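The feature transmembrane segment is assigned by TrEMBL to 47-68, 88-108, 144-166, 178-200, 206-228, 325-345, 352-376, 382-407, 427-447. What TrEMBL lists as domain 'Major facilitator superfamily (MFS) profile' is 52-485.
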Amino acid sequence: MWEREGRAFSMYKRMPSRDRSDVMDVEENSAFSQDSMDVETTNPSMWLSFPHVVVGTLSSFLFGYHLGVVNEPLESISLDLGFTGNTLAEGLVVSTCLGGALIGSLFSGWIADGVGRRRAFQLCALPMIIGASTSATTKTLAGMLIGRFLVGTGMGIGPSAVALYVTEVSPASVRGTYGSFIQIATCLGLMVALFIGIPVKEIAGWWRICFWVSTIPAGFLVVAMMFCAESPHWLYKQGRIAEAEAEFERLLGGSHVKYAMVELAKLDRGDDADTVKLSELFYGRHFRVVYIGSTLFALQQLSGINAVFYFSSSVFKSAGVPSDVANAFIGVANLSGSIIAMLLMDKLGRKMLLLWSFFGMAISMLVQVAAANTFVSGSASLYLSVGGMLMFVLTFALGAGPVPSLLLPEIFPSRIRAKAMAICNQFLRWLALPAFAGATWTATLILDVRKRLPSLYLFEVSVPEVLQKLGRDAHGSQPLTTLHS
């Protein structure tokens with residue numbers, strides 16, 4: 001009895017707790033179920049599902065690429081399109097894709113449930129192709145913003161689709177490993193974007209090539225998805241049982257099909273066939289699990305990782321490290337942590353990696369605080385700042401980065417999985433980013449003032465005095481001097 005119960009929890013195993021007693025009755029009374037479990041004596045081969053997972057994670061690669069594609073070329077873009085020195089326009093070029101991502105994330109769950117996981121990937125890639133082409137060919141700021149917005153809609157659809165797809169096509173024995181591919185692909189996308197942007201200062205118009213390059217993996221994703229397996233979970237929910245069995249055979253092998261179908265039937269048992277309403281995710285029996293998922297992603301975003309990525313160059317610059325070398329250091333730390341997480345995910349478990357990841361990030365922040373302490377010497381302070389930042393990125397990639405996207409599809413019931421992922425994984429994330437963008441703009445303004453008035457203590461000088469002094473300096477009527485030393 002106990003042996004059967006333990007084995008029933010090995011693969012496609014997540015289900016509402018109220019259904020578990022029904023599952024045990026099925027196991028005791030169904031000879032088909034018992035015979036199927038007797039067949040399941042070994043884990044399915046990981047290599048059958050490997051190419052499907054790799055193709056799916058191309059959307060994560062594109063996500064990372066478009067996050068970093070304007071990092072190096074922004075100055076050249078502003079020069080060619082005629083908004084040099086306009087910090088508002090430069091900020092819009094960077095952040096407009098986030099607005100598009102918010103729109104895309106609102107509909108990602110419904111798209112994945114409505115047209116299937118494969119077509120969701122294709123719908124994710126198409127606006128990225130159109131948007132990147134628009135940005136690459138435009139001669140105006142408006143065209144650039146339209147292109148970035150279209151790219152953003154694809155960025156909003158992709159993460160939910162890939163998290164669902166990887167969870168639903170991967171064998172349980174390597175699901176954690178394959179889930180880490182999402183984070184690794186995102187890291188590679190960021191690194192490739194930074195690498196592609198290196199010649200932008202030497203070659204006129206190179207920034208257009210940077211956008212054109214992104215259409216290659218996006219186009220490959222559209223075509224390759226035609227030959228990849230559809231999610232058996234989605235097919236089963238649509239009542240296409242024979243097709244679900246055929247896809248399981250492609251992904252797991254013929255000897256594991258019956259067992260996988262039995263497990264899938266247990267997951268679906270007790271789930272209502274009616275379409276889930278958005279309101280059901282915020283109250284009733286689904287509220288707790290959605291609340292847990294939302295909290296995980298809120299903690300991920302509020303950890304400060306975006307601030308580290310956006311301001312790491314400033315910290316390295318203060319230590320005398322060039323920006324391209326700094327970006328390489330951050331990328332290597334991020335990729336190294338993701339690879340370690342991939343190796344440990346299925347051995348240590350999701351919870352252990354998550355706990356140690358946040359603990360390591362807290363230690364990293366303490367190192368940064370120590371670096372800012374006035375009792376620490378100049379060189380030691382710089383080493384602690386750089387080391388603390390690299391340690392923060394490394395520990396983030398160990399757990400806080402990859403675990404939430406992998407864990408949530410495992411704990412959500414199949415009936416609400418896609419829509420709950422859209423709410424937790426994307427909607428809340430993209431709502432958090434505008435708040436961060438506002439804080440970033442304020443911090444940038446203050447830093448700009450402090451740069452122009454290096455010895456200024458803002459709390460000892462009134463705002464009109466600051467503005468008056470900045471105005472005098474801007475018009476050249478008087479040399480800029482410090483107001484307080």
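Any Cβ shown, glycine's included, is placed from N, Cα and C.
The recorded stretches the transmembrane segment (144-166) and the transmembrane segment (88-108) share 3+ CB pairs below 8 A when only pairs 6 or more apart in sequence are counted, and are therefore in contact. When each of 88-108, 352-376, 382-407 is checked for Cβ pairs under 8 Å to the transmembrane segment (325-345), 382-407 comes out on top. Same-chain residues lying 6+ beyond the ends of the transmembrane segment (382-407) with a Cβ under 8 Å from its Cβ atoms: 159, 163, 166-167, 175-176, 179-180, 182-183, 187, 293, 296-297, 299-300, 303-305, 308-309, 312, 315-316, 318-321, 329-330, 333-338, 340-342, 344-345, 350, 353-361, 363-365, 367-368, 370-372, 376, 425.
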